[in-house]
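*Asks:* Sharing a structure with you now.
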Amino acid sequence: MKHYSNLESLENFEATVDLALELKKNPFVFEELGKRKTIALVFFNNSLRTRLSTEKAARNLGMDVMVLNVSDSWNLEFGDGTVMNLDTAEHIKEATQVIAQYADIIAVRAFAGLKDKVADATEKVLNAFIKYAGVPIVNMESALSHPLQGLTDAVTIKETVTKKRPKVVLSWAPHPRALPHAVANSFVKSMKLCDVEFVITNPVGYDLDPKITKGITINHNQQEALKDADVVYVKNWSSFDDYGQVTNTDSHWMMTKEKLGHAIFMHCLPVRRNVVVEDAVLDSDQSVVIQQARNRTYAAQAVLKTLLENIT
Ligand code: CP
């Protein structure tokens, strides 16, 4: 694996899930691997879990860690041939190559703008780092995908659910803001790689990209979809058809204890209580969101270990 840009980057998804679970048991067993190696974590957007878990993962492997919030740096230009006499002070071509002088691996977070579907699909920021940096790049959530989260989610289901071929439901929930599709996209891809019965439920007008959901049952009736669920993964996303718009805030889609039944509850966090999911769910033993956040470290560690082995 040269870069971790998507779940498809992994040569063996199942083996990586197992590696993450092994690393959870013995986090420091490879602490020599990253000695005198540095990772730069570059953030174009906010983060709590991704920032801290990726840093912890790198430190568990013996790496040094640098963090750059792009908002504290120079305004970056991405256009080719631009006369840079306006607001941008540094071109992405120089910026990426300079960061790569200081880091053996670069991890990048750059969300979708949600204004232009075609522009977001180009993954401009992530692909610029891959094109110019010349070192391995890790996707810490891009316009279309959040593969560290998707890997974590498979790890969490594997360690939590003992039933063979459990029923997993991805349920849309209301949210006042327009949120990207990246987490949902990567969860769908992750579940396609697991031995589960997988169903997506969302309102009409909120179907995800059909290229990603191809072959998956989408049920617009939440109650029907949730029947006999073992795992319920709740997430909001903005409309894909009416790109980036919030056309539905129907609170009937909020996850409740009654709807959850006996299933375990998952969410990538952060989550808006009593908008996306009621308190009674998050405060119950059925919620595994804290365990899920903890597993971010070991999923990231499995990815970084694999990349480090290729550069040493
Ligand atoms: N789930 C997740 O990626 O959390 P952060 O946005 O806080 O990093």
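The chain as shown is numbered from 1 upward.
Backbone N, Cα and C atoms are what each Cβ position is placed from, and that goes for glycine too.
From TrEMBL, for reference:
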| type | residues | note |
| --- | --- | --- |
| BINDING | Ser47, Leu48, Arg49, Thr50, Trp74, Arg109, His146, Pro147, Leu148, Gln149, Cys268, Leu269, Arg296 | carbamoyl phosphate binding site |
| BINDING | Glu141, His175, Lys235, Arg272 | N(2)-succinyl-L-ornithine binding site |
| DOMAIN | 10-159 | domain 'Aspartate/ornithine carbamoyltransferase carbamoyl-P binding' |
| DOMAIN | 183-306 | domain 'Aspartate/ornithine carbamoyltransferase Asp/Orn-binding' |
*Asks:* Using His146 (carbamoyl phosphate binding site) as the reference point, find which of the binding-site residues His175, Lys235, Arg272 has the shortest Cα-to-Cα distance to it.
*Replies:* Lys235
*Asks:* Quick one: of the binding-site residues Trp74, Leu148, His175, Lys235, Arg272, Arg296, flag those whose CB is under 6 Å from ligand 1, and say none if nothing qualifies.
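*Replies:* Listed by sequence, the hits amount to none.
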*Asks:* Taking Cα-Cα distance, which of the binding-site residues Arg49, Trp74, Leu148, Cys268, Arg296 are within 10 Å of Glu141 (N(2)-succinyl-L-ornithine binding site)?
*Replies:* Leu148
*Asks:* Drop a 10 Å sphere on every Cβ of the binding-site residues Arg49, Lys235, Arg272, Arg296 and tell me which sphere holds the fewest other Cβ atoms.
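*Replies:* Each of the binding-site residues Arg49, Lys235, Arg272, Arg296 was scored; lowest Cβ tally within 10 Å is Arg272.
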*Asks:* Using only the Cα atoms of Ser47, Leu48, Arg49, Thr50, Trp74, Arg109, His146, Pro147, Leu148, Gln149, Cys268, Leu269, Arg296, which the record gives as binding carbamoyl phosphate, return the largest interatomic distance in Å, rounded to a whole number.
*Replies:* 31
*Asks:* Can you figure out which of His175, Lys235, Arg272 (the binding-site residues) comes closest in space to Arg296 (carbamoyl phosphate binding site), comparing Cα atoms?
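*Replies:* With Cα distances computed to Arg296 (carbamoyl phosphate binding site), the winner among His175, Lys235, Arg272 is Lys235.
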*Asks:* Under 8 Å Cβ-Cβ from His175 (N(2)-succinyl-L-ornithine binding site), six or more apart in the same chain: what's there?
*Replies:* Asn236, Val246, Thr249, Arg272, Val275, Val276
*Asks:* Determine, from DSSP, whether Leu148 (carbamoyl phosphate binding site) sits in helix, strand or coil.
*Replies:* helix
*Asks:* I need the CA-to-CA distance for Arg49 (carbamoyl phosphate binding site) versus Lys235 (N(2)-succinyl-L-ornithine binding site), whole Å please.
*Replies:* 16
*Asks:* Name, in the order they occur in the sequence, the residues of the same chain whose CB lies under 8 A from the CB of Ser47 (carbamoyl phosphate binding site) and which sit 6 or more residues away.
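*Replies:* Looking at Cβ-Cβ distances below 8 Å from Ser47 (carbamoyl phosphate binding site), excluding near sequence neighbours, one finds Arg109, Met140, Glu141.
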